[in-house]
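**Student:** One structure, as C-alpha cells, below. Some questions next.
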C-alpha cells in the first residue's frame, strides 16, 4: 500500500464517524439549517477528499519516519511535558517550570549546569512576576507562599 | 475629512511614548524569534499572544504587527547567514543571500536585505493607508451572503495556492473546520461533538491550535536538529557599507517589487511566500544577465526581500478592512484580535479609528526601527543564534505551555496542546500544510454563521447566493481557484 492510501484510510474512517455523530445530533423544528447541517457538509467533503487521496500519486515520498535516537529524545520530551502538566498545579508555576527547564535542557544535552540553573530560575520568576504583578493574571502559586 | 482626522489620531497613538515602546518591543522580539532557524512568524505571534492579555487593544495590535514584520526581518537574517530560513517567505532570500555571505559579503547582503525590507514595508504601508479604507467602504454594504462567499474564497485560495498537493491542503482545511465545530453551536445551543466532556463545551481555543500545530511542531524540528552547529561558522560578517553602484542596482527591483508584493499580499491565499518567489522569478526574467542569479546577485536578493515585506503589510488590507485574513499568519493575528475583544471588519475604521490608523501609522516607525536595529546592530542580534539549542527548546516549550495555561487556567488545555503538537508534527512530516487548518479554524464559526444567516434571511432560498452578482462572482472565483491549478496539473501530465 502506498503512503497516501495509508493516510486516506484513517481519514475516511474519521469522516464516517463524524457524519454518524452529526446525524445523531438533536434536531429542532422550525430551524432552517440545524446544528448538523454544516457538519454533514464537512463530513461529506472529507469523505470525498479521502477517496481522492487514496488514488492520488503526489508526495508519495512523505514519511513520519525519524531516526530511532530522535524518536527516543522526542518521547522523553513528551514525557517531561506530561509530568509538567501533572505537577504544575500542585507544585506551583515557579518550581515546576524551573525543574522542567533544567531537566529538559539537561536531557537534551546541555551540560553547563551553572548557566542552566540560573536560566531555570530567572525565567519562571520573571514571568511569574510579570503575569501576577503587572498583567494581573494569576498563575498557580503551589507550595510557595507568594 | 473624517479619515484625515483618523490618520492624525493614528499618528498620535503611534508616536506616543507607549506606542513607540510597544513597537520597539514587538520588532525586537519578532527579530530575535525570527532569527532562530525553524521558528517562523506564526510561532512568534502565537507565543506573544498571552502577553497581550489585559493590554490595551491598540497597543497590543501595534506590538503584534511589529512581531510579525520583525520576525520576517529576522528570518531573512538567518536565511543569509545560515541558509536556513525561519519562514517559507524568506526561502527565496537564501538563493542569492547565502552565496553573498559565503563570498564574505554577509554584511553587504544583510544591509541590502534591511534596506529592501524597509522600502517594501514603508511603500506598502502608504498603499495600505490608501486602500484599506476604500475596501472597507465597499464592504460596509456586505451582508452575510457576501461574507460567506468572501471567506470561502479565502479558504479555497489558500488551499489551492499552498505548495505541494492541493488535496492535502483541502483535507487540512476541512480538518480545521471540523475542529471548530466542537463545542456549543451558537445558533441552536446544541452541544456538538463534546462527548459529554465539559471542557469541550466552549470549543477549543485557537491559541491551543496555533501553538500546537506551529510552535510545537517547529520545536520538534529544533529537537531533531539540536546538534546543528552551523551558527558557529558565523564570525565576521564584513562591511555593511553599500556603494553608490550597489544602490543604483537595487533601486529598480525595490520600486517594482514593493508594488507587486503589496498587490499579491492583498489577494486571498497568496501572501508573502508566493510574493517572494514571484518577485524572484520576475526579476530574473527582466534581468540582462540572469546567469548571475543564484550566485549572489544583488537584484536577486533585493527583489524577494522587498516583496515579502510589502506582501506582509499588504495582507493587513483584508484583515483590517474586511476582517478576513488571507494567510495563516494573519489568521493567527485575527485570533489575537478576537481575544482582545476587537472584531475587525468594514466598521473598524469608523468605530475604532485610533486602532485602525494607529496600527498602520506604527508600521512606519516599526520599519525605521527595524532598519536601525538591523543595520548597525545586526552582528549583536545574530549572537542570539548562539543560544544553546537545548536551552532554547526548553524555553520555547515553557512559553507555549504558559501561554495556553493562562487562557483557561485548566490543565486540560495543556493536554490538548500536546495532542495538537503531535498532530502538527505528523502533518508536517506527511506534508499536510498547517496554514489552511488554522485559517479554517479561525474563520469556521463566522463562515457557518453567515451561511446560516444568509439562508435564514432568504427563507431558505439559494438565490441569496446565486441571484446576487457580487456573491456569484466571488463563488465563481473560489470555484476557479480550485479548478485552475488542477487543470494545469492535468495538462502538464498530458
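Keep in mind that glycine also has a Cβ here, set from the backbone N, Cα and C atoms.
The transmembrane segment annotation in TrEMBL covers A:7-25, A:37-55, A:76-108, A:114-131. Here TrEMBL flags A:10-140 as domain 'DUF1468'.
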**Student:** Checking distant contacts: for the transmembrane segment (A:37-55), what same-chain residues at least six beyond its ends satisfy Cβ-Cβ under 8 A?
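**Tutor:** Beyond its ends, the transmembrane segment (A:37-55) has Cβ neighbours at 4-5, 7-9, 11-12, 14-16, 18-19, 21-23, 25.
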**Student:** Do any residues of this chain, six or more beyond the ends of the transmembrane segment (A:76-108), have a C-beta under 8 angstroms from a C-beta of it, and if so which?
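**Tutor:** Distant Cβ neighbours of the transmembrane segment (A:76-108) are 116-117, 119-121, 123-125, 127-128, 139-144.
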**Student:** Sort the residues of the domain 'DUF1468' (A:10-140) into helix, strand and coil with DSSP and give the three counts.
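**Tutor:** Going through the domain 'DUF1468' (A:10-140) residue by residue, I get 93 helix, 0 strand, 38 coil.
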**Student:** Please compute the mean pLDDT of the model over the domain 'DUF1468' (A:10-140).
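**Tutor:** A mean pLDDT of 90 is what the predicted model shows over the domain 'DUF1468' (A:10-140).
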